[in-house]
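Taken verbatim from Swiss-Prot:
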type	residues	note
BINDING	R37, E38, D42, R150, R151, G152, H153, T154, E174	D-ribulose 5-phosphate binding site
BINDING	E38	Mg(2+) 1 binding site
BINDING	E38, H153	Mg(2+) 2 binding site
SITE	H136	site 'Essential for catalytic activity'
SITE	E174	site 'Essential for catalytic activity'
Amino acid sequence: MNQSLLAPFGTAIERVEAGLEALRQGQGVLVVDDEDRENEGDLIFAAESLTNAQMAMLIRECSGIVCLCLPDEKVKALELPPMVENNSSQYGTAFTVSIEAKVGVTTGVSAADRVTTIKAAIADNAKPSDLARPGHVYPLRAQPGGVLTRRGHTEGTIDLMQLAGLKPAGVLCEVTNPDGTMARLPEIIAFGAAHNMPVLTIEDIVVYRKSLLANVG
C-alpha cells in the first residue's frame, strides 16, 4: 500500500479515528485492503443509520453487490447458512444465503427495499422468520477476532462499528470506476475528496487495534 498517498489523511491512528467519527455521524468511510490481497476499496456505512440516499450511492457508485456484514453470533441467530457448502473463493469470503425482508418491500431491488431488509435483519429482536431467502441483500459473516484474524473488508467493517460504539453491523460495496473497472487507491482517494469521506486501510485498523491492546497490556 502506497502510504505516501494516504499521508494527507494523517497517521494510521488518526485515519481510523477520523473514520470512527464519520461513522458515528452517520457518514460513509472508504476502506482499502492490502495491495497483495484484493487491492480494492469499499464504501462502508453503519447499518443502523443507513439511509435510502446512502443505499442509492452504493448501488450507483459501486459494484451493485451490496453486502451486510454481520458477526458470527448474529448470523447464527438468524439461521443464515453459508451460500455454498464448500467455499472455494480465493479469499474465503463468507457469503451466506441472500436475504429479503418479508414485510415492507415490493421486489426487494430498490434502494428503499434493500434498506428495509437490512433494518429487519439487524433489529435486536430479529428472528429467522423475518427474512425471506433468497433476496437482494448479501450477508457476510465476519470471522471472530476481526482483522487480527482475517484482513478482510468484512472483518474491518465489524471492527470499525464496534470501535465506534455502534451496533456491530455494516453495509459495504466495492467502489468501481465509471467504466466498470475496480477503483484502486488513487481513485478511492479522489472519491473520498469528492464526497468528503475519510480514507483508511485494513492495515490502519490492525495498527489501531494492536495499539489498544498494547495500552491495555
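The backbone N, Cα and C atoms fix where each Cβ goes, glycine too.
When Cβ neighbours within 10 Å are tallied across all protein chains shown, the highest count among the binding-site residues R151, H153 belongs to H153. The number of other CB atoms found within 10 A of the CB of E174 (D-ribulose 5-phosphate binding site), across every protein chain shown, is 19. Secondary structure from DSSP puts R151 (D-ribulose 5-phosphate binding site) in coil.
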